[in-house]
Amino acid sequence: MPELPEVETVKRTLNELIRGKTIAHVTVRLPRIIQKPDDIQQFETFLQGQTIESIERRGKFLRFVLTDYVMVSHLRMEGRYGLYDGDDELEPHTHVLFRFTDGSELRYKDVRQFGTMHLFPKGEELTSPPLVKLGIEPLDEAFTFKAFKAQIAHRATKIKPLLLNQAYIVGIGNIYVDESLFLAGIHPEREAKSLSKKELMGLHEAIVRTLQESVDVGGSSIKSYVNGQGEIGLFQHQLNIYGRGAQPCKTCGTEIVKTVVGGRGTHICLKCQPIKQGNSRKKSEK
Ligand SMILES: [Zn+2]
C-alpha cells in the first residue's frame, strides 16, 4: 500500500506530467471507484472542459485541483495512475480514463478495486468526508514537537495504533510506523502516556526523518517511475526493520521478531525496542 512518501512522489510526478492539460472527456468503466457524485454520468460531465491547475496531497489522498472542481483520489492498496497516448491499447484493470484535449490520456488502474474518487465543487472537499476528519500533516511546519506531544502524550493507547490513526497524524502507514518506532527505540505496544519527554522527542524526530528521507529518495528517482507504458509506480525504500522478520537487526544483530500489534503485522527488535513499563500500570501479556 502506498504511504505518504509514495503518494507525495506520485503527486510530484503527476504535476510534471499533466499540469495545465484540459480534460476533453472522461470514461468510467468501473462505477464503484466513484464515491461522489452518485450519478456516474455527472462525474463524467462535470469534468469535461476542466483544466488541471495542480495536484496536491492531503495525508494519503491526492487532490486534483481543477478549474471549478476538486477530485479527491485515494489509491488504497493497488491504485496506479499512468499517462498514455489516447490510442494505446487498454491494459487489464483500467477503470477510469481522463482523455485530454492534446490526445494524451491519464488512466487509473486498480487490480484490487479498493481505490476511491470523490468530486467536489472547489473548496467543499476540505469540509466534507473523507478529508474533513484528517489530523495534522507530519511534513508540514505545523508538525512541531509541541503539536505532536499535544496529540499523543496523554493517551492511554498503544503507541503504534495511535500513530496509525489518521485522525491524529495523517499519512504514516504500517511501514513507516515500524521504521520510526525502531529508529526511536520504542516498543510498539508501549502506552503513549508512558513515554518520557525524551522518548517523545526522539519519536517526533524519527517520524519526520523517516518520511522526509523517503520523500527525498522518491524525488531523486522520479524519472524511473514513468516506465515505457507511462505507469507512475512506486519506488524501493531503504527499510531498516519492516519486512525483515527473522533477519538480524542492523544495529545490534538480534533477530527481528514479526508479530501482530493492533491487528497489523509488526516488526520489532526486542533489544533496541525493549518493552519498558514506564508509568503504565498495565502489564503486557506477551
Ligand atoms: Zn537491535
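In case you wondered, yes, glycine gets a Cβ from its N, Cα and C as well.
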Going by the DNA site in TrEMBL, where His93, Arg155 are listed, which of the candidates Arg58, Arg63, Arg112 is also part of it?
Arg112
What whole-number value in Å do you get for the largest C-alpha pair distance within His93, Arg112, Arg155, the residues recorded as binding DNA?
42
Please list the DSSP helix, strand and coil residue counts for the domain 'FPG-type' (240-274).
0 helix, 12 strand, 23 coil
Between Lys60 (active site, proton donor) and Glu3 (active site, proton donor), the C-alpha gap once rounded to whole angstrom:
6
